[in-house]
There are 2 protein chains.
Amino acid sequence: MKVSTTIAEVRSQVKEWKRQGLSVGLVPTMGYLHEGHQSLIARAARENDRVVVSVFVNPIQFGPSEDLESYPRDFERDCTLCEKTGADLVFHPEASEMYAENFCTYVDMDRLTKGLCGASRPVHFRGVCTVVSKLFHIVTPDRAYFGQKDAQQLAVIKRMVRDLSMDVEIVGCPIIREPDGLAKSSRNTYLSPQERRAAVVLSQALAEGRKALAEGERSAQAITGIIRGVLESEPLAQPEYVELVDWETLEPVETADRPVLAAIAVRIGTTRLIDNFVFEEGPECN
Amino acid sequence: MKVSTTIAEVRSQVKEWKRQGLSVGLVPTMGYLHEGHQSLIARAARENDRVVVSVFVNPIQFGPSEDLESYPRDFERDCTLCEKTGADLVFHPEASEMYAENFCTYVDMDRLTKGLCGASRPVHFRGVCTVVSKLFHIVTPDRAYFGQKDAQQLAVIKRMVRDLSMDVEIVGCPIIREPDGLAKSSRNTYLSPQERRAAVVLSQALAEGRKALAEGERSAQAITGIIRGVLESEPLAQPEYVELVDWETLEPVETADRPVLAAIAVRIGTTRLIDNFVFEEGPECN
């Protein structure tokens, strides 16, 4: 497995692979990899001849009061995990390699990004779209893998690819959870032992919401009420949002009469956690 | 020469060419082609194995009070000119092919686009960057050709390509002029015979500015004063801006001590015309 820190080196390696007719999968990450990322890399390795993992804590997707500085990093461990999971190239650039002096071009969206996490993180998805665009231009992957855990991000990237006619297949992958149900996240490391125990309330609350849907409840107000009720039973949990939205447009729905995303963001102490599920009639997609 | 109206068809043709190891040049246009466009197509044909010309009056780069509806169109004549100049494929999509329902993703820039034409055309460069991004994703050209006539557009596209790590060489090509000096433009067709005679004042004014620079004048105020003086001698000419800016950042300069762009926008009657020149010490680039 190769580690590259420059755009030029990645581009040259990928061009060599493409000349050989090999397909390329990309897994964009911010590092501090866990089993969630690992499942993306493993799937990319199954579906492509070569796999590139980017490990880059992207400064422009953090707001001024967010956790850019404290975001956990362990590049050596990341490399070990990438190698054993089947990655061929890890792209690990400095911020100055990605954002040259006087950088001023952004990819942004005037829908899909205003609600849910976008409401409290106004520059977040602009930063995500911009860095993912750059990674697509650098790696020119046939397929790119994103976790369903960041459901809004997945919907936004799919829309960006459609709108900007990018020639890449976006593959959404299921949420990987701890044994007690907590969705895997690099930010789980921020939790104290007591907070870690409390954090299970996110998946528990969503399970109740999903149960109501499965039993035929279709009112968004009823379903979000059920989810909110469970969250409020945990004193350490402060819900930021609890929403039921159209899974394609991310617009709030009143009735779950099409594929819907139930998404929540909750503060446990100072740590902001998110979780979600997608529900559609027939076989469920998550 | 082939004409395609769908993204899928263009993509498939270009992939076939790439499989054969052929290089591809792209000339993005809004049609109603003149000798300026022709010079871009001819250069693209000299420098690439295959040439794609896009003919698309891009609605999102026009403001609500601008000339989208009246913009001149003559697709049959455009095709004749493309074919005889060496194009291999003309991409002529409907607006609905480029902008699907609920289109909401844009490429934009928070510098370079605020001054000059951007001051009176606030959505223009967002529309240009977005459509050019799409065309790059669809055609994946090795080189793309833009006229120096739209100098701000050329600087903006170069910056977009750098910032978003797009793998395409941007080739700027000299302004093509009528015998009396008027820069070729599809919008010249709007001019009455009297206005057409008056319009020569743009190139005359710039020639005086360039002469002052060549003779050693370096004060931006003095140079723009000279240009403005000539423009004001023509009663039909209403200057919108007369500026001397850094040719890379497009920031106004006080002193022409680096490569500079002298750019003007002038209304002749209701028609808005632009012209410019780039000046640098040593061999001039335009």
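Cβ atoms are placed via backbone N, Cα and C, with glycine included.
TrEMBL does not curate its annotations; it predicts them automatically.
It should be emphasised that the depicted structure is a prediction, and the values quoted were computed from it without experimental measurement.
Annotated features in TrEMBL:
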- B:30-37, B:147-150, B:Ile176, B:184-187: ATP binding site (BINDING)
- B:His37: active site, proton donor (ACT_SITE)
- B:Gln61: beta-alanine binding site (BINDING)
- B:Gln61, B:Gln153: (R)-pantoate binding site (BINDING)
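A map of TrEMBL features onto the structure.
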residue	record	Cβ neighbours (10 Å)
B:Met30	ATP binding site	19
B:Leu33	ATP binding site	25
B:Gly36	ATP binding site	21
B:His37	active site, proton donor	27
B:Gln61	beta-alanine binding site	21
B:Gln148	ATP binding site	20
B:Gln153	(R)-pantoate binding site	23
B:Ile176	ATP binding site	18
B:Ser186	ATP binding site	19
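For the pair B:Ser186 (ATP binding site) and B:Gln153 ((R)-pantoate binding site), the Cα-Cα distance reads 16 Å.
Each residue contributes its Cα atom, and for the residue listed as 'beta-alanine binding site' and B:Met30 (ATP binding site) these two points are 11 Å apart. Cα to Cα, B:Leu33 (ATP binding site) and B:Gln153 ((R)-pantoate binding site) are separated by 18 Å. Rounded to a whole number, the distance between the Cα atoms of B:Gln153 ((R)-pantoate binding site) and B:Gly36 (ATP binding site) is 15 Å. Here the C-alpha separation of B:Gln148 (ATP binding site) and the residue listed as 'active site, proton donor' works out to 11 Å. Separation of the C-alpha atoms of the residue listed as 'active site, proton donor' and B:Ile176 (ATP binding site): 9 Å, rounded to the nearest whole number. The DSSP secondary structure for B:Met30 (ATP binding site) is coil. If you measure from the Cα atom of B:Gln153 ((R)-pantoate binding site) to that of B:Met30 (ATP binding site), you get 14 Å.
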